[in-house]
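Q: For reference, TrEMBL lists these features for the protein:
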type: TRANSMEM; residues: A:34-51; note: transmembrane segment
type: TRANSMEM; residues: A:84-100; note: transmembrane segment
type: TRANSMEM; residues: A:140-158; note: transmembrane segment
type: TRANSMEM; residues: A:170-192; note: transmembrane segment
type: DOMAIN; residues: A:217-248; note: domain '4Fe-4S ferredoxin-type'
type: DOMAIN; residues: A:253-282; note: domain '4Fe-4S ferredoxin-type'
Amino acid sequence: MSAKTKSPVGVEAIAAKGWLGAHKWLIARRLSQTAFLMLFLVGPWFGWRVVDGTLAGSRTLNILPLTDPFITLQGSVAGHWPELTALIGALIVLAAYALIGGRMYCSWVCPINPVTDAAHWLHDRLNMPKGWQPKRHTRLWLMATVLVTSALTGTIAWEVINPIAMLHRGLVFGMGAAWGVVIAVFLFDLFVSRRGWCGHLCPVGAFYGLLGQKSLLRVSAPNRAACDDCMDCFAVCPENHVITPALRGKDGDTPLILAPDCTNCGRCIDVCSVDVFTFTHRFDDRMSVATPDAANKAA
Amino acid sequence: MPSSSPMSPARRRFLTDTARMAGGCAVAGLGLAYITSDARALPAEALRPPGALPEDDFLSACIRCGLCVRDCPYDTLKLAELGMDGPATGTPFFTAREIACEMCEDIPCVAACPTGALDKSLTNIDDAKMGTAVLVDQENCLNFLGLRCDVCYRVCPVIDEAITLEVRHNDRSGHHAIFAPTVAADRCTGCGICEKSCVLPEAAIKVLPIRLARATSADHYRKGWEEQAEKGGPVLDGIIDLPDRLPGPGTDNLAAPGGYEPAFKLPGAGQ
């Protein structure tokens with residue numbers, strides 16, 4: 001795409017739906033990320049004990065335990081079978097993300113997401129080359145590596161460097177030099193690899209992706225006949241390989257984005273000026289009634 | 001190229017990609033393993049919360065959630081910060097000289113732990129073993145200098161059991177006593193209140209990890225006097241009792257007047 005033909009992403013959507021309409025899922029997502037962080041922070045800041053702990057393990061309103069299932073898994077292969085509280089917490093989290101889509105953790109909860117999103121925004125503004133692009137399944141290999149390392153060293157290996165935990169725990173309990181890890185991720189995504197951390201490497205995202213293989217909540221492209229090939233959805237999507245099968249499917253192909261890599265961030269819904277995409281559930285593969293406009297285009 | 005050829009391009013690419021990925025992951029795994037092993041070295045002044053599993057097990061059990069820290073009413077516990085504190089990043093610890101463990105009866109930190117990294121089988125805080133207090137510097141300890149500081153003894157939550165004052169002669173003045181603070185390691189919980197309260201600029205009594213503070217007794221040694229006390233007589237029957245060469249009358253040790261009575265007398269055994 002040359003600079004001549006490339007129009008800024010989202011311009012048509014803003015023109016068609018207004019700025020708010022073209023950013024509503026992004027705003028919702030930022031609010032969600034802030035809210036999940038604030039739930040943990042109002043305790044140390046104001047003494048309102050809503051959620052104690054960190055994303056690794058927490059206790060809500062002194063009763064509900066939640067535990068990160070990937071950390072629980074690492075601890076288990078490292079040789080420590082956790083107590084019931086942690087197991088129940090992990091099971092609740094497993095069940096929730098299996099239902100709504102594992103990678104919703106990445107886009108709606110994870111505190112590193114705003115960091116890598118910011119890196120990508122700057123990367124875009126600076127017109128940087130995409131740089132090193134390891135295969136998408138590298139993160140699965142890394143996830144396996146983390147589990148093997150946990151088993152061999154008898155430690156919860158990823159927690160030694162996990163930038164998510166470093167940032168979240170740092171904000172709640174004190175950062176120390178953990179800023180360095182967060183800045184490293186930012187610089188990696190900015191200069192070394194476009195969408196590199198969340199899109200290719202993070203083993204936590206890989207785990208949650210596996211978890212959401214058959215999740216219920218999905219983005220669909222029921223109105224794909226109206227697509228005017230502006231490519232804005234591909235430009236904003238952090239995992240844009242998931243769009244193609246749904247958007248470019250032939251008649252009879254499902255309009256649902258079924259790839260587990262999809263983070264359900266909803267940005268594609270925002271930036272589409274002709275409202276191709278929508279949130280729905282995985283059994284809803286209905287297509288919209290074709291508009292005359294779309295019929296003309298098909299002909 | 002026909003697919004029956006010894007090395008089709010697709011197969012070649014698959015094998016190359018797999019080998020690259022495996023190689024990269026091996027390097028990443030080694031790096032990670034190195035960092036985890038580095039993180040396993042717990043500094044001597046960092047004490048784990050009560051009930052903490054042995055350090056190796058602890059690092060497989062602690063998810064670094066901070067719930068123990070949150071529930072500690074005295075803000076004793078902290079989570080280690082990267083590059084600032086010694087212990088593995090994000091794991092709970094305390095430094096006795098800063099804020100010691102107050103030994104809460106309900107042990108809220110242990111109750112808060114969701115994984116069992118802090119062992120729930122610890123129900124009596126007096127059984128905790130966070131470390132062992134050691135009077136590391138007798139030369140500067142005020143009590144050893146013959147003064148009556150006694151602070152470590154007075155503040156000890158297990159006073160007269162974990163720390164006692166042993167009276168001995170003060171050779172320097174010749175007619176005073178030394179009240180030596182003495183730790184009974186099997187009763188000391190390692191709470192660190194003694195170290196925290198020591199009046200010296202640098203504490204003369206410090207809580208050390210048990211691995212540093214204590215020896216282990218050799219299994220093959222038998223404490224004959226304990227066995228005798230238990231049996232109420234000599235351990236072996238029919239043993240010939242030779243005269244004890246003790247100082248005092250009736251012995252050939254003329255250097256020391258007085259003398260000690262033997263601890264027990266064998267029936268029929270003469271002088």
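Every residue number used here counts from 1 along the chain in the order it is shown.
Every residue gets a Cβ built from N, Cα and C, even glycine.
Neighbours and distances for these, please.
A: Non-local neighbours of the transmembrane segment (A:34-51) in the same chain are 58-62, 108-109, 111, 168, 171-173; each lies 6+ residues outside the stretch with a CB under 8 Å from one of its CB atoms.
Outside the transmembrane segment (A:170-192), and at least 6 residues removed from its termini, the chain residues within Cβ reach (under 8 Å) are 37, 40-41, 43-44, 54, 111-112, 115-116, 118-120, 122-123, 126, 128, 131-132, 161, 163, 198.
Residues 1, 7, 9-10, 12-13, 99-101, 104, 107, 120, 136, 195, 198-199, 254-259, 261-282, 284-288, 290-291, 293-295, 297-298 of the same chain lie 6 or more positions beyond the ends of the domain '4Fe-4S ferredoxin-type' (A:217-248) yet place their CB under 8 Å from a CB of it.
Outside the domain '4Fe-4S ferredoxin-type' (A:253-282) by six or more residues, the chain places 9-10, 12-13, 15-17, 21-26, 28-29, 100-104, 106-108, 136, 209-210, 212-224, 226-228, 230, 232-233, 235-239, 241-243, 245-247 with a CB less than 8 A from a CB of the stretch.
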Q: Could you pull out which residues elsewhere in the chain have a CB under 8 Å from any CB of the transmembrane segment (A:84-100), counting only those six or more residues past its ends?
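A: Sequence-remote neighbours of the transmembrane segment (A:84-100) are 57-58, 64-69, 72, 208, 211-212, 214-217, 264.
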